[in-house]
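Below are the structure tokens for one structure; questions will follow.
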Amino acid sequence: MPVLKKRKLAHTAQPDPIVSDLESSSSEASQQSHDEQLTAANEQDDESPQVQREEAVTKSFKDLGIIDSLCEACEALGYKSPTPIQAESIPLALQGRDLIGLAETGSGKTAAFALPILQALMNKPQSLFGLILAPTRELACQISEAFEALGSLISVRCAVIVGGMDMVSQAISLGKKPHIIVATPGRLLDHLENTKGFSLRSLKYLVMDEADRLLDLDFGPILDKILKVLPRERRTYLFSATMSSKVESLQRASLSNPLRVSISSNKYQTVATLLQSYLFIPHKYKDIYLVYLLNEYAGQSAIVFTRTVNETQRLAILLRALGFGSIPLHGQLSQSSRLGALSKFRSRSRDILVATDVAARGLDIPSVDVVLNFDLPSDSKTYIHRVGRTARAGKSGHAFSIVTQYDIEVWLRIENALGKKLDEYKVEKEEVMVLSDRVGEAQRHAITEMKDLHEKRGSRGATLKGRRPAKGAKRGRDEMDREEG
């Protein structure tokens, strides 16, 4: 690909609207925690390329160099103006540079890499043009949908290659020579090794999205094998929420003289439009207080986070018995059931999603009014990801955490990481306990239904579907893109 003349980047620093847990790389970065910071990523060279800034504000995708037809697609999808990660990375991508983008889920990073790839595809159409690697099946499906929507005017063809689906039908899709492949690493490697005639020797673009999660899910060795069969002459984009040592090793192995775009804030910073509070209650009353809160916010969309699969299923049953439109989401559901749950929640045919941390990160759920931590997460980073499902894109939102006598130490660690004491949500106990009888009846119903579910599935209560690998054992390649939670 010819090297294009470097354009000057027009952008002014503005607060990052997304909850972020990115590490500051220096004390100066900490002092400018809400500024977008653009740095060179070639750590082995002290003279890494830097991008000069200008004072003018980028107001449109056209200003970034995006062609009219793609600008029209952005407008049709409601993309009014570029997000910070888009404003920073798109001009550099159009110059033909490899990129590292540090930004959170919900920051608009999918369009940040999709638009340059689609624009290059329109200039030189070919099959098997781009490969996007994602850590989970749901995220792969969402990325494919974004490419098809943005590339609708040129009828871009995408193939989603993920675990849990039929290999033969996927091989047929690959045989039709799609423009873009969106895949999870394990299943892609299966096809590279076993599908006759399938090769990526002509690939022009590689994207590794949520690279930190790819490595957290132990995809590292598989990524190494995939990289060995890809052409060296390609453009590579790596997007990650954090820049860990593993991610740094991956970027050194896969990118050529990249530039780093960092839309960063304090490690545990939350947005100003997010109202966070907690309820300190006895453990035995958790169900009753949860129902009280959901009644207080009746008609609004909510995600209720739990720690285990069984608790997710139990609460979904309990809430349905009380007349709430609830649906569970966890890693033991089949792929079609998980996609169905997300679809119902997005369309608001169900307004309460009861979920494990499957839903904390990486899923395209555009508007959530309330987040309720029924079970506290075990670490502050997960808390940030959970509450980041609300108060997105400048909207306001509420996050409630139920804290019991067993959670005090964990809660204090979360507050310490946030750097502030959160407000207690005061309620009259008498008002809450009015619900005691109704909730008790629903609890008994949930216990009975859970027992029936376990008996039907031949389970003894450990999980609802299948069994987890023994401690220390590794999941098979086909199951690695399936969330555990």
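Think of each number as a place in line: the chain as shown, counted from 1.
Just so it is clear, glycine is given a Cβ too, placed from its N, Cα and C backbone atoms.
Since we're looking at a predicted model, the values are computed, not measured.
From Swiss-Prot, here are the annotated features:
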- Ala103, Glu104, Thr105, Gly106, Ser107, Gly108, Lys109, Thr110: ATP binding site (BINDING)
- 1-10: compositional bias 'Basic residues' (COMPBIAS)
- 20-32: compositional bias 'Low complexity' (COMPBIAS)
- 449-458: compositional bias 'Basic and acidic residues' (COMPBIAS)
- 465-474: compositional bias 'Basic residues' (COMPBIAS)
- 475-485: compositional bias 'Basic and acidic residues' (COMPBIAS)
- 90-261: domain 'Helicase ATP-binding' (DOMAIN)
- 285-433: domain 'Helicase C-terminal' (DOMAIN)
- 1-55: region 'Disordered' (REGION)
- 449-485: region 'Disordered' (REGION)
- 59-87: motif 'Q motif' (MOTIF)
- 209-212: motif 'DEAD box' (MOTIF)
Where DSSP helix means H, G or I and strand means E or B, what are the helix, strand and coil counts for the motif 'Q motif' (59-87)?
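Result for the motif 'Q motif' (59-87), in helix, strand, coil order: 17 helix, 0 strand, 12 coil.
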Per DSSP, what is the residue tally for the motif 'DEAD box' (209-212) in helix, strand and coil?
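Taking the motif 'DEAD box' (209-212) as a whole: 2 helix, 0 strand, 2 coil.
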With DSSP as the yardstick, break the domain 'Helicase C-terminal' (285-433) down into helix, strand and coil residue counts.
64 helix, 25 strand, 60 coil
Could you pull the average pLDDT for the domain 'Helicase C-terminal' (285-433)?
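Residues in the domain 'Helicase C-terminal' (285-433) carry a mean pLDDT of 90 in this prediction.
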Does DSSP give Lys109 (ATP binding site) helix, strand or coil?
helix
Across the compositional bias 'Basic and acidic residues' (449-458), what are the DSSP residue counts per state (helix, strand, coil)?
8 helix, 0 strand, 2 coil
Once near-sequence residues are set aside, which residues in the chain of Gly108 (ATP binding site), 6 or more away, have Cβ atoms under 8 Å from its Cβ?
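The list for Gly108 (ATP binding site) reads Tyr79, Pro82, Thr83, Ile85, Gln86, given in order along the sequence.
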